[in-house]
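Visitor: Before anything else, here's the structure in question.
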Amino acid sequence: PVGETTLGRISNVLGEPVDNLGPVQSSTTFPIHRSAPAFTQLDTKLSIFETGIKVVDLSAPYRRGGKIGLFGGAGVGKTVLITESINNIAKAHGGVSVSGGVGERTREGNDLYMEMKESKVINEQNISESKVALVYGQMNEPPGARMRVGSTASTMAEYFRDVNKQDVPPFIDNIFRFVQAGSEVSALLGRMPSAVGYQPTLGTEMGSLQERITSTKEGSITSIQAVYVPADDLTDPAPATTSAHLDATTVLSRGLAAKGIYPAVDPLDSTSTMLQPWIAGEEHYDTAQGVKQTLQRYKELQDIIAIPGLDELSEEDRLTVARARKIERFLSQPFFVAEVFTGSPGKYVSLSETIKGFQMILPGELDNLPEQAFYLVGNIDEATAKAASLQAEVQ
């Protein structure tokens, strides 16, 4: 079953509802195995898709109608980031989305469902007004179901793209579990494993799923996919094969998560094909490069700071370190979906506000403010207000 009747409902790989709300009343059904759109139908327009998350919009902006991967090891915040993206996109862009839970924890699937009800993305009183369709094939399902649930989610998204001519963001959490399920099926079929024990058909399987998640001239599919990185090794065949298909990669760093900087996105490791002066604009490009240069220099100085200490640095380097620490903290942001843990209300920061903030930090206009003022705030005005209140507390 596909179409509007799937919105607000949770289905399994066969399209059967698993939310105890009765059958899905849909007259339209699509097969889950469908071919990718022809090359001539693909959309080639380049424009930036604003997420309202500072570090993403600045350092590795997403392409409207592109494919995005969130890479990270265990417990660095992939699911929170993907849930925040669903929340922001549903509110700011107002479209429908499809969320595919591929081999992840049932608890996370349940949490996501409850959060969506709270934030009215799923409307319990009037299900037809919901903004998202959920497709789950969780960890306890057999490998065949986990391997195919991605195709079911793609099929639902394709209906909104091809029939309703809508822009749809499908979210997939987690692509690694799709590969893992494929590896289990491969072993059951008695195939000889290839590198690191993965299936020999890894590239083909990944291609057949990824090639379908694409934008055509009818409507766009901006997909956001979480990719678990086994043992924090980005060269592992699963994340490496995935990144070949993506327009932007958002890499989460354990080091930043340990410092308490959330979202723990590493601007130096994250990449995007959209960060070009002729696409993003000179101003955005120059600001992003300036931020990256400052952070890179700070990274190079870490060894000196760790042993002889800050006093051994030149005056110029000390300034760089101070600004880099402010930038690092300003890249953190309170999330709507994490209000429960952080205790501070979530913030959506527009791209222009983000650029304005970093343009003030880089040349040193805000050198007199303490670095705590930049931690977990929205735009730069909130940082200056926080600095003033910190100052008042001291006095």
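Heads up, residue numbers simply count up from 1 along the chain you see.
The backbone N, Cα and C atoms fix where each Cβ goes, glycine too.
The feature ATP binding site is assigned by Swiss-Prot to Gly72, Gly73, Ala74, Gly75, Val76, Gly77, Lys78, Thr79.
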Visitor: Could you say whether, by DSSP, Gly72 (ATP binding site) belongs to a helix, a strand or a coil region?
Guide: strand
Visitor: Hey, which of the binding-site residues Gly72, Gly75 is the loneliest by Cβ count within 10 Å?
Guide: Gly75
Visitor: If you draw a 10 Å sphere on the Cβ of Lys78 (ATP binding site), how many other Cβ atoms land inside?
Guide: 27
Visitor: Hey, which of the binding-site residues Gly73, Gly77 is the loneliest by Cβ count within 10 Å?
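Guide: Counting other Cβ atoms within 10 Å of each of the binding-site residues Gly73, Gly77 gives the minimum at Gly73.
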Visitor: Output the one of Ala74, Val76 that, of all these binding-site residues, has the highest number of other Cβ atoms within 10 Å of its Cβ.
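Guide: Per the Cβ count within 10 Å, the most buried is Val76.
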Visitor: Using the Cβ centroid of Gly72, Gly73, Ala74, Gly75, Val76, Gly77, Lys78, Thr79 as the reference point for the ATP site, which residues of the same chain not in that list have Cβ within 8 Å?
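Guide: For the ATP site, the extra neighbours are Tyr228, Leu252, Ala257.
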Visitor: Under DSSP, is Lys78 (ATP binding site) helix, strand or coil?
Guide: helix
